[in-house]
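In what follows, a structure is listed as C-alpha cells, so that the remarks can point back to it.
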Amino acid sequence: MAKDIASVKSEALAYREADFDILEWRVDHYADLSNVESVMAAAKILRETMPEKPLLFTFRSAKEGGEQAISTEAYIALNRAAIDSGLVDMIDLELFTGDDQVKETVAYAHAHDVKVVMSNHDFHKTPEAEEIIARLRKMQSFDADIPKIAAGLMPQSTSDVLTLLAATLEMQEQYADRPIITMSMAKTGVISRLAGEVFGSAATFGAVKKASAPGQISVNDLRTVLTILHQA
C-alpha cells in the first residue's frame, strides 16, 4: 500500500518473493494522485519488477471503503490513463460509478485489451441474497470480465456470511457465464475468503504485508489453506 515512488520500489522488491498469482495495486493509497505521470511511473516500476505477474489497477473510492475521495470524472480519467499506459492487465471498476460511465469504460478497456473486474463493496450491511445476485447479474450485463462483490464490514452474524455464500452458489449455478468473486468481510467472513471457491467464487485476496481490507489474511497462510483444499 505504497504512498510514493520510493515505497512502491521497496514494496515491489518485497513482493517478488511472495507466492501469489495476480498483483492488485491499491492506487487509492498513493499520495500524488493529481500527478498522473507519477502514478503511471509507479505502475511502470511494478510492471518492470514483476513482469510475469498480471497487474490489477484498483482505485477503491472512499464511499466503498477506500483511502481517498475522488470525483467521478477524475476516477474515470485515472482508469483511462491506466488503460492507455499499456502497463496494466486489468482495472477495477466500481459498479455504482454511473451506468453510462461504466459501460463506456468497459468498452474502452476491452478495445485496449484490458480486462475489467467490476466491483461493489457494501461495507454497511450484507444485502439480501436476491440483491447480491441482482448486482452480480447487472455487472455481467455490463460485460464485466469478472463481477465482484464484497459485503459487510462487520457481518452482524454468521448467517450474513451464509447469505453471501448462498447467493454466490445460486449465481454460479443459475446465472453466471463468467468467473465471479465474492467475499464477506472481517473476522466472521474469513471463511468466505478461504473456501469461497467451494461455492463458486473464482479468486480470493491476500496481503503480502498490511491487509488492505477487514479480514484479509497473509498470502502465505492463504496459499497453505488453498493447497489443503485443492489436495483434499
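Even glycines carry a Cβ here, placed using N, Cα and C.
Keep in mind it's a predicted model, so treat the numbers as computed, not measured.
Features of the protein shown, as given by TrEMBL:
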type	residues	note
ACT_SITE	HIS121	active site, proton donor/acceptor
ACT_SITE	LYS148	active site, schiff-base intermediate with substrate
BINDING	GLU24, TRP25, ARG26, ARG60, ARG193, SER212, GLN216	3-dehydroquinate binding site
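Taking the recorded positions ARG26, ARG60, HIS121, LYS148, ARG193 in turn and counting surrounding C-beta atoms within 10 angstroms, the largest count is reached at LYS148. According to DSSP, GLN216 (3-dehydroquinate binding site) is assigned to coil rather than to any helix or strand. Listed in sequence order, the recorded positions from GLU24, ARG26, HIS121, GLN216 having a Cα within 10 Å of the Cα of LYS148 (active site, schiff-base intermediate with substrate) are HIS121. Sequence-distant contacts of TRP25 (3-dehydroquinate binding site), defined by Cβ-Cβ distance under 8 angstroms and a gap of at least six in the same chain, are ALA42, ALA43, LEU46, LEU55, LEU56, PHE57, THR58.
Following the DSSP three-state reduction, the secondary structure of ARG60 (3-dehydroquinate binding site) is coil.
The two recorded residues, ARG60 (3-dehydroquinate binding site) and the residue listed as 'active site, proton donor/acceptor', show a Cα separation of 9 Å. Distance noted between the C-alpha atoms of ARG26 (3-dehydroquinate binding site) and HIS121 (active site, proton donor/acceptor) is 14 Å. Cα of GLU24 (3-dehydroquinate binding site) to Cα of the residue listed as 'active site, proton donor/acceptor': a distance of 16 Å. Taking a C-beta cut-off of under 8 Å and a sequence gap of six or more, GLN216 (3-dehydroquinate binding site) has these contacts in its own chain: ARG193, PHE205, GLY206, ALA207.
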